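Working notes for the structure below.
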Amino acid sequence: MNGSPTPKRYSSKSSRLYDDYYNIPYQYSNPTPMNRDYNDVGSRINADKLVPEEYKRNTEFINKAVQQNKELNFKLREKQNEIFELKKIAETLRSKLEKYVDITKKLEDQNLNLQIKISDLEKKLSDANSTFKEMRFPKVKDPMVDDDPVSENYDQINVPKHRAPDATGNPRTTNKVSNTSDQDSRLKAIERTLSVLTNYVMRSEDGNNDRMSPLPSPLNTILPINNRLNFQEPKRYNPTVKVNPSDDDIMMYESAELKRVEEEIEELKRKILVRKKHDLRKLSLNNQLQELQSMMDGDDNIKLDNVSKHNHATHRHSSQSSRDYSPSSDACLECSNDLYEKNRVKPENNMSETFATPTPNNR
C-alpha cells in the first residue's frame, strides 16, 4: 500500500494494468483490454458488420486505382527508357549518315577528277598516236600534173621522123621516178632518226625509271589506262565500295576495323612492355657487373698490399711445426720452404735418435 500522504500524485491513468494490488478502484474489477478487436471473453469482434458497404466499395475502388496507377507508372518508365535508347540509336545513325554523305561527296569529287585525268590522257595518247603515224607513214605527194593540160593537136606538133634512141623516154616518167627515189630516201632518213630516238629513250628509261616513257607505238598504246594510273583493287572486303551497302554490312565492317586496330594496339603495347622489361633487366645486369668488377678490383688491391707488407721473419703459422711443412698447409710458400729446409735431417741421424735410450737429467 502506498504510504504517501498524496497517493494520487504518483499514480497515472496510463498504467492501469500495472497498478498495485492494493489499489482499491481496480481490486475487484477487470480493466478494459488494450486490443479492442477482442471482447472480454476472448472471442474476436466482427468489425465488418460495423463498417457500411459504401466504405468497403470505396476502399476497394481506391486500392484498385492505386494498383493500376503503379502498373501504369512502371509501364511509363519502360516506355521512357525505350524512347531514350531509340533516341541514342537515332543520334548515332544520324552521325554515321552525315559521315557517309561526306565520304560519298569526296569519292564523287575524286571520281570526277579521275575522269578528267583519263580524258586528258586519252587525248594526249591519241595525239601521240597521230604524230607517230605521221612520222612513220608520211603522205606521199602526187607528181606535178598540169591542171590545164594542153590539148594534143598532133597536126600542130612537129615530130621528127628519125629520133635518137636516148630521146625516146617520156619526161613525165623520169620526173615520177626521181620523185619516188627522193621520197624513199626521206623515209629511210626518218626511220633512221626514229630508231636512234627510240634507242636513246630506252637507254634513258633503263638508267632512270622516273623519266618519261618512250615514244608511243601501236604496241604500247594498247596497255590499259588503269595500269598507268596505278589503280589497286582493295584486298580486304569493304562494303562501302558497293553501290547500296546495307547498315548491317557497314556496322560489321566498322566493328571488324575497330577489332583489328585494337589488336594492333595490344600487340604494340605487348612489344613495348617486353622492351621495357629487357631494358630494366639490362640495367640491373650492368649494375651487377659493375659491382662485381669493383669488388674484384678491391680484392686485388688488398692482396697486393698484403704481399708487400708481409714479413717472413716475424711470420708465424698455426700449422708451423716439425711435421707440417707440406705445400698444402696454411703457411705461405716461402715459409713452408724455409720450414722444410730446417727440419730436413739425414735418415741415419734420425734413426739413431729414435733408437737411443733416454739419459736421465743430472741432478
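Keep in mind that glycine also has a Cβ here, set from the backbone N, Cα and C atoms.
On a predicted model such as this, the values are computed, not experimentally measured, just so you know.
If you compare SER29, SER43, SER329 in Swiss-Prot, the phosphoserine annotation sits on SER329. Per Swiss-Prot, the annotated phosphoserine among residues SER126, SER204, SER284 corresponds to SER284.
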